[in-house]
Amino acid sequence: MAMKAVCVLKGDSPVQGTINFEQKESNGPVKVWGSITGLTEGLHGFHVHQFGDNTQGCTSAGPHFNPLSRQHGGPKDEERHVGDLGNVTAGKDGVAKVSFEDSVISLSGDHSIIGRTLVVHEKADDLGKGGNEESKKTGNAGGRLACGVIGIAQ
């Protein structure tokens with residue numbers, strides 16, 4: 001049976017958006033789609049963080065969701081956090097249209113992202129290839145512009 005989830009992104013900045021998730025089979029890929037507005041043109045890191053806690057804004061969401069204790073990487077890398085979804089690309093109008101599939105995240109089981117926080121960052125994620133310690137943890141993606149807790153949808 002297909003599972004669906006949704007995340008409404010908000011923050012202290014004008015950045016906001018809605019991201020949808022759908023997984024047709026429990027061990028199948030997750031389709032991710034939606035849009036984010038209010039961004040500066042270019043790439044912005046896009047990650048699932050460990051906690052669904054937004055009491056202190058996006059900072060209380062903790063580090064990237066990483067149940068396998070791996071180093072940070074890109075979405076197509078073998079070595080990556082479960083929550084490493086790479087970058088979204090905003091056009092001149094400040095809008096990022098999101099549409100991709102990911103086979104590492106899940107909407108159920110040990111790698112479930114339900115109840116965790118999705119974050120869009122101020123800078124591009126270097127996908128762990130930045131040549132310093134921070135790159136292997138965060139991808140040097142900078143501050144957290146907007147976030148939201150991923151919840152079950154109809």
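Glycine is no exception: its Cβ is also placed from the backbone N, Cα and C atoms.
Note that the coordinates shown come from a computational prediction; the quantities given were computed from them, not determined experimentally.
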Q.
Taking Swiss-Prot as the reference, Cys58 is linked by a disulphide to which residue in Cys7, Cys147?
A. Cys147
Q: With Lys92 (N6-succinyllysine) as the reference Cα, tell me which of the recorded positions Ala2, Lys10, His72, His81, Asp84 is the closest one.
A: Lys10
Q: Using the structure shown, find which entry in Lys92, His121, Lys137 (the recorded positions) has the sparsest Cβ neighbourhood within 10 Å.
A: Lys92
Q) If H, G and I count as helix, E and B as strand, and all else as coil, what does DSSP give for Lys137 (N6-succinyllysine)? A) helix
Q) Which are the residues of the chain, His47, His49, His64, His121 excluded, whose CB is within 8 A of where the CB atoms of the Cu cation site average out, their centroid? A) Gly45, Phe46, Val48, Ala61, Pro63, Phe65, Gly83, Asp84, Val119, Thr138, Ala141, Arg144
